[in-house]
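Trainee: Sharing the record's features from Swiss-Prot:
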DNA_BIND  32-55  DNA-binding region
DNA_BIND  83-105  DNA-binding region
COILED    234-262  coiled coil
COILED    462-494  coiled coil
COMPBIAS  116-127  compositional bias 'Low complexity'
COMPBIAS  263-273  compositional bias 'Basic and acidic residues'
COMPBIAS  280-289  compositional bias 'Basic and acidic residues'
COMPBIAS  290-299  compositional bias 'Polar residues'
DOMAIN    1-59  domain 'HTH myb-type 1'
DOMAIN    62-109  domain 'HTH myb-type 2'
REGION    115-152  region 'Disordered'
REGION    250-299  region 'Disordered'
Amino acid sequence: MAPPIYVRGGLWTNIEDQILKAAVQKYGVHQWSKIASLLQKKNARQCEIRWNEYLNPTLNFEEFTKEEDKKLLELVRTLPNQWRTISELMGRPSQQCIERYNILLETELSKTDGEATTSANSAISTSFGFKPNEIHPSAETQKAKPDNDELDEDEREMLSEARARLLNTQGKKATRKVRERMLEESKRIAQIQKRRELKQAGINTSLKKSKKKYENEIDYNADVVYEIVPPAVLYDVTRENERTQKALQDFERNIAKKGKRKFKDDGEKESSPRKRSRDKRPNKEDNKETSMSITSNDSVLLNDMKKPVLNLSAPRADGENLSVSSNNTNDAVLVKKYLTECFSALPTPKNDFEILWEDSDDDDEQEIVSEEDDNSIKVQESEQLYELPMETFDIVDSSMIPSIIADPKNEFEEEYNKLIKDARTRAKPTISKEHLQIWDDLNEEIQKDISGRTSLTNPEVQISTDTNLDELRAQIQKYQQRISNYDEQLHIIKPLVENNEQICNTIIRSLIPELKSKQLKYYTRYYMFMKEQKHIKKRTK
């Protein structure tokens, strides 16, 4: 015959609710398997749901308001089938939110169909189609069944076992457990005190480790709690660890020999010589006491703490013979006499020297005159070239010229606009009236001079002037040709310069930093490789 199948579940009884409350009060809300062992017909998951959905005193079981209904419908629309999240936002159990949502749906459907609205109880009953003997899927959120007049044998046995286990918090057994716990604590404190006394005597002992109640229990008597060992790094620090370990052992040995306070005082004396010298200085009270007992032949006068005696040389003249000089003239005579004696003691001069005259400045003067003549000739030629007509060359790009100010507000902006217009039209800048008057006067004088010269009938003069003008025109054409050649060369060189500048910028800004970073990575990896090879050789040996 097959064994019977026991299904854990169904509606909760009043006795089961009382046992669950008492178990949560003792074991807390994390040990549900231990709590479920007290209940024969329920498992750990069902106990947890029953507590979180129904028995928890912090839950809100009041009726829903209109604002809460509106909020519930909005949350269901935004978070479909996420009842845990909706219950947290509403501050109510998830099953209560589901039931309220079903009620709202049924009322809306009944209104659309034209049926009469039913009450809340009938809505709840009709929302689930269950038969009386079937197991309720949300039994943990339903009300508990009332107790019968007489309990069954299973319930009576379950209640007696729960009483035996849960009533340890009161009575003789509870006091005995508290007494045992206090005894263990006093034993532990006595062991720690004994260990401290033995350590001061130079005997190192270790405490007996108590049995752990659970696997991850922390022993706070250990040296380091929650110690995190640093990971192995690129550099070898074994020698540094050995040095620190040795220094720690020396420190502990000195503490064990001399004690902490004495060792601290010795360290302070060794580390602070200034404090040592300050300690050696006598206090004011000591000075008063010693000054009363000092005599003329006392050894305290020759004490090392005193400053050494100042030994001065004997004076050259007595203080009685010294007097302030009244006549400054006698002092000047004495100084003069002293200087003559010093000069007479010097050796006689040999006079072995020759006077070298500097070169004459005639050549320099001639060079200066020739430079002045050349400058005057250049000035005259430039003036003549300025008067002659010339072809204009657009060396400067028109895009480089700035724009004109639309509404000039002061004299500076008006002058600025004039200069820009002159630059665009390649016209000469405007000259003031005073300068124009001077220019007209000079021009009239030059015209008179030229007319006087042309009135002469000497053919040689006319030929010479004609030849000079031809030469000047030839030179002007030659310079114009050279300027045009330079302009063409500039147009060729300018893109090359820009390209070169762009290449230099890319090299400096991107390539050189990238090269440095790659070089650094290479050196670090090469260093790591060498270290690994070295350790591999050591291990193989």
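Even glycines carry a Cβ here, placed using N, Cα and C.
How buried are the listed features, and what sits near them?
Mentor: Nonlocal intrachain contacts for the DNA-binding region (32-55), taken as residues 6+ away from its ends with a CB within less than 8 angstroms of a stretch CB, comprise 8-10, 12, 16-17, 19-21, 23-24, 93-95, 140-142, 154, 158, 161-162, 165-166.
Remote same-chain residues near the DNA-binding region (83-105) are listed as 52-54, 59-61, 64, 68-69, 71-73, 75-76, 120, 123-124, 127, 138, 140-141 (criterion: CB distance under 8 Å, separation of at least six residues from the stretch ends).
On the 0 to 100 pLDDT scale, the coiled coil (234-262) averages 86 in this prediction.
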Trainee: Residue counts in helix (H, G, I), strand (E, B) and coil for the DNA-binding region (83-105), per DSSP?
Mentor: 20 helix, 0 strand, 3 coil
Trainee: By DSSP, what is the split of the domain 'HTH myb-type 1' (1-59) into helix, strand and coil residues?
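Mentor: DSSP composition of the domain 'HTH myb-type 1' (1-59): 31 helix, 1 strand, 27 coil.
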